[in-house]
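Per Swiss-Prot, these features apply:
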ACT_SITE  D127  active site, proton acceptor
BINDING   G11, R72, C73, G102, D103, G104, S105  ATP binding site
BINDING   R21, A22, V23, V24, R25, R154, G185, A186, E187, R211, K213, K214, H215  ADP binding site
BINDING   D103  Mg(2+) binding site
BINDING   T125, I126, D127, M169, G170, R171, E222, R243, H249, I250, Q251, R252  substrate binding site
Amino acid sequence: MKKIAVLTSGGDVPGMNAAIRAVVRKAAFHGINVVGIKHGYEGLVKGYLEELDLGSVGGIIQRGGTHLNSARCPEFKEDAVQQQGIENLRAAGIEGLVVIGGDGSYRGAMDLVKKGFPAVGVPGTIDNDVPGTEYTIGFDTALNTVVESIDKIRDTATSHENSFIVEVMGRDAGDIALWAGLAAGAETVLIPEEDYDLDDIVARLDRGAARGKKHSIIIVAEGVMSGNELAKLIKEKTGKETRVSVLGHIQRGGSPTARDRVLASQFGAHAVELLMEGKYGRAVGIRNHQVIDYDMPEAFEKNHEADVSLYTLMKELSI
């Protein structure tokens, strides 16, 4: 194998640049050239290619976002569009592709594999919702951003004796909400994987107030409902106002944590090894502190499951 390509797809996450860097440097170590595909699958179809070398990836490991830009490309589901992408790759002499992204990105990569083009996947999503791996690139940074934000919100909540609802990302997965809730000492956490009980939420707030607590923090993943919707339900139930803070896209940005940089470096390097070994249609992941790989369809054919033990602990500690 003499030339491979790398692209980032879907939502950007901190650590993608570290993964791109690792792909380029690992490939260079083995004498393999790397081409970067700009703007994800859209760039693959439109031929937005650029040569990457050691200089191209110098000084990017600490940067958030993605050096290659990212975009969503719904039309890539079409056979003719996929075939155009493969033709562009082959015309450029590219023999394998590393795709960094979430389950949707993996589906696109697997479509290429089914059409005979070698591709492997690297998990990059702040939601930490790719089945088969315990952690994804970007989750740790996003989690730290959320916890830091909640700490600051709690400062003002304490000063003004207010209750706050903090809405975080997580359309189908509640890992950010759950982990942040435990780390920030939230009174209540609502995640998509578990049913919520409004009476229980109110009871928890009342128990805190009964022992003299003047403020509280409720975290809700966007996939459950919006923070404003929850505030309305609580007011209808109790007559009390709760402030709402929607963290939004701040969760995607920022310099990646050391953990995300290391994880991304391990994942990117292992992806190159898979291509060199002729192991296509594989996804990189980590389990029990070991970098592993597994069949890519497992990453999008199974549903993400929340850590039940963490959820139970969260409820026990927020009595």
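For all residues, glycine too, the Cβ spot is worked out from N, Cα and C.
Projection of Swiss-Prot feature records onto the structure.
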residue : record                 : CB count, 10 Å
R21     : ADP binding site       : 25
V23     : ADP binding site       : 30
R72     : ATP binding site       : 16
S105    : ATP binding site       : 30
G170    : substrate binding site : 28
E187    : ADP binding site       : 20
K213    : ADP binding site       : 14
H215    : ADP binding site       : 20
E222    : substrate binding site : 20
Q251    : substrate binding site : 24
Exercise for review: Sequence order is fine: just name those binding-site residues in V23, R25, T125, G185, E222, H249 with a Cα within 10 angstroms of G102 (ATP binding site).
Suggested key: T125
Exercise for review: Please state how far apart, in Å and to a whole number, the two most distant Cα atoms are among R21, A22, V23, V24, R25, R154, G185, A186, E187, R211, K213, K214, H215, the recorded ADP-binding residues.
Suggested key: 57
**Study point:** G104 (ATP binding site) to T125 (substrate binding site) - Cα separation in whole Å
**Key:** 11
Review point. Tell me, which binding-site residues from R25, D103, S105, G170, H215, H249 are within 10 Å of D127 (active site, proton acceptor) if we use the C-alpha atoms?
Key: G170
Point to revise | Neighbour count (Cβ, 10 Å) for G104 (ATP binding site) | key: 19
Review point. What are the non-local neighbours of T125 (substrate binding site), defined as same-chain residues 6+ apart in sequence with CB under 8 A from its CB?
Key: G10, G11, V13, G101, G102, T136, I137, G138, F139
Practice item. Find, among the recorded positions listed as D103, D127, the one whose Cβ has the highest number of other Cβ atoms within 10 Å in the structure shown. Key: D127
Check your understanding: Here the binding-site residues are R25, H249; which one has the lowest number of other Cβ atoms no more than 10 Å from its Cβ?
Key -> H249
Check your understanding: Which of the three DSSP states, helix, strand or coil, fits G185 (ADP binding site)?
Key -> coil
Study note, to complete from the structure: One should report the C-alpha separation between R21 (ADP binding site) and R72 (ATP binding site), rounded to whole angstrom, as 22
Study note, to complete from the structure: Same-chain, non-site residues whose Cβ lies within 8 A of the G11, R72, C73, G102, D103, G104, S105 Cβ center for ATP are S9, G10, G40, G101, G108
Review point. Reported as an integer number of Å, what is the Cα distance between G170 (substrate binding site) and H215 (ADP binding site)?
Key: 25
Review point. C-alpha of V23 (ADP binding site) to C-alpha of C73 (ATP binding site): distance in Å?
Key: 23
